[in-house]
Amino acid sequence: MEGGIHTSTDTSAFKECLSLPWRNPYVLRLAFSAGIGGLLFGYDTGVISGALLYIRDDFKSVDRETVLQESIVSMAVAGAIIGAAVGGWMNDRFGRRRVLIIADFLFFVGAVIMASAPGAAFLIVGRIFVGLGVGMASMTSPLYISEASPVKIRGALVSTNGFLITGGQFLSYLINLAFTKAPGTWRWMVGVAGFPALLQFILMLLLPESPRWLYRKGREEAAKVIMRKIYPAHEVEQEIQDLKESVEAEIKEEGSSETINIIKLLKTKAVRRGLTAGVGLQVFQQFVGINTVMYYSPTIVQLAGFASNRTALLLSLVTAGLNAFGSIVSIYFIDRTGRKKLLIISLIGVVVSLGVLSGVFHETTTHSPMVSRVETSHFSNITCPDYSSALNSGAWDCMTCLKASFPDCGFCSSPTNKLLPGACLISNDAAKDMCHKETRLWYTRGCPSKYGWLALIGLALYIIFFSPGMGSVPWIMNSEIYPLRFRGLCGGIAATANWISNLIVAQSFLSLTEAIGTSWTFLIFGVISVVALLFVIIYVPETKGLPIEEIEKMLEGRALHYKFWEKGTKPHEKSQAT
């Protein structure tokens, strides 16, 4: 057992979580109402990829200028960085509930601006508003759920936020498919996001503030009323007593529970160790390459021999579905296996998966089908110009063809076997249609390979392993690992680090693939994943079953615990031993 929770409760935590609708619907309502913030987070990250295709059709300036496309995507991330940074301070100053309400308002305004945008400039403004709301919600939702959850099922309930993030991504792909033929296509796609924001705005007006935040602000009676609704009768008094002792210790140390001294924050051992673990996890969550793998999913489908865009779009649904399934796995195991073990299992799987993807891309790059002059001459007037003028055209293969530019070129496979030499043509709708008329496959993102099915397995394994561990646990850890008085500020710092890392990876991986190739790029992410694994083993503590106030005590006296498979000494046992 850990943290004073009996071992038998580990196995029953998931069952207790499932029984909440009739045993304690109040807690479930708090968790899912706050978790809508995760849904907004997931929906926004997923919807823009599909919407951008139709935005380019409506606004020719966006179609012509890549910088405008990048701005429409990245301005939301930039807004999220600011939202997370400011949101951390606002959480400690104004409370978790008010910050979520403000985030919903910003998100709703942004969705309305985007849906009615007459041009690219208004779209970018709307993306900034949405980003601000997503940044605030991304760190506030798990924090609110964590502080309003019973200890035994805290991990599972915070994991529901992760499930709603992946559920939001899945929903965005469904919405993208649903509105592809509707008038106004992309306006519906981005505008629909306003409805869950409005729903959460209304729900949060009807829900209470976090009881722990209320207690720290001196509103003890209001906090006790809420905690008695959350905790079973035999646990509530002990929870209130632990919270009281934690706040009194802070006041005694600082002289006031209201003033936050940044320098003192960094000098406090528990905060420093918590920030090391929390910020490290958020940075590694992005640098193990999740956005790269998701981005390359259409390419991976083409590698497997499925060349149509519709198939690629349907695969996006499959990958999002696997992501959501992984979040459900996290809900089941987080309070049973523990945070640290789940992270370690997750990262081992990620390393193996990235190794598979790196190997498949290397094989495809070095053994792609050759370009045949006979096959290419079969298509008159649409031959790739670079191929026609190349002195070494006999050495051209599919990958060389796809790397041609001004204009871009595509590979039209042999009609008998996609692995035989094919044609290198200009990449446009006319060439694509002519290729398809002869029952050939058209490739623009990746080349056919007999090992393509391994790429699909690598992609599926990556998502299945990433989602339950590295996808969910960093947000859970950051909602529970910091002392109460610094929780909002530290959570904001960690969330800001996540969004900055997100922006760095998003802006750099295309340059990396062009400079060193896709295979080496995945290999670099694999090496980073190994470093992340060592980091988790050394610096990340296990918080399963520990009351939030006990976690601070553990961090104060924590030594390095390499043997993660063994159960650590319980805080209350340490005190008894002394």
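A Cβ is built for glycine as well, from the same backbone N, Cα and C atoms used for every other residue.
The following features are taken from TrEMBL:
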TRANSMEM  30-55  transmembrane segment
DOMAIN    30-544  domain 'Major facilitator superfamily (MFS) profile'
TRANSMEM  67-87  transmembrane segment
TRANSMEM  99-118  transmembrane segment
TRANSMEM  124-145  transmembrane segment
TRANSMEM  157-179  transmembrane segment
TRANSMEM  185-207  transmembrane segment
TRANSMEM  274-297  transmembrane segment
TRANSMEM  312-335  transmembrane segment
TRANSMEM  342-361  transmembrane segment
TRANSMEM  451-477  transmembrane segment
TRANSMEM  489-510  transmembrane segment
TRANSMEM  522-540  transmembrane segment
Return yes if the transmembrane segment (157-179) and the transmembrane segment (522-540) have at least 3 CB pairs under 8 Å (sequence gap of 6 or more), otherwise no. no
Within the same chain, where does the transmembrane segment (274-297) have neighbours whose Cβ lies under 8 angstroms from its own Cβ atoms, ignoring anything closer than 6 residues to its ends? I mean 6 or more beyond. 266, 312, 315-316, 319, 343, 347, 350, 354, 357, 459, 462-463, 466, 470-471, 473-474, 477-478, 481-483, 490-491, 493-495, 497-498, 501-502, 504-506, 509, 518, 521-522, 525, 528-529, 531-532, 535-536, 539-541, 555
Using Cβ distances below 8 Å and needing 3 or more such pairs, separated by at least 6 in sequence, tell me whether the transmembrane segment (30-55) contacts the transmembrane segment (522-540). no
Of the stretches 124-145, 312-335, 342-361, 489-510, 522-540, which racks up the most C-beta pairs under 8 Å with the transmembrane segment (451-477)? 342-361
So which of 67-87, 312-335, 342-361, 489-510 has the most C-beta pairs under 8 Å when paired with the transmembrane segment (522-540)? 342-361
Feature contact check the transmembrane segment (489-510) with the transmembrane segment (67-87), CB under 8 Å, 3 or more pairs: yes
Take the domain 'Major facilitator superfamily (MFS) profile' (30-544) and average the pLDDT across it for me. 85
Under an 8 Å Cβ to Cβ limit, what residues of the same chain, 6 or more beyond the ends of the transmembrane segment (312-335), are close to it? 10, 13-14, 17, 46, 49-50, 152-156, 158-160, 162-163, 165-167, 169-170, 172-174, 176-177, 294, 297-298, 300-302, 306, 342, 459-460, 463-469, 471-473, 476, 544-545
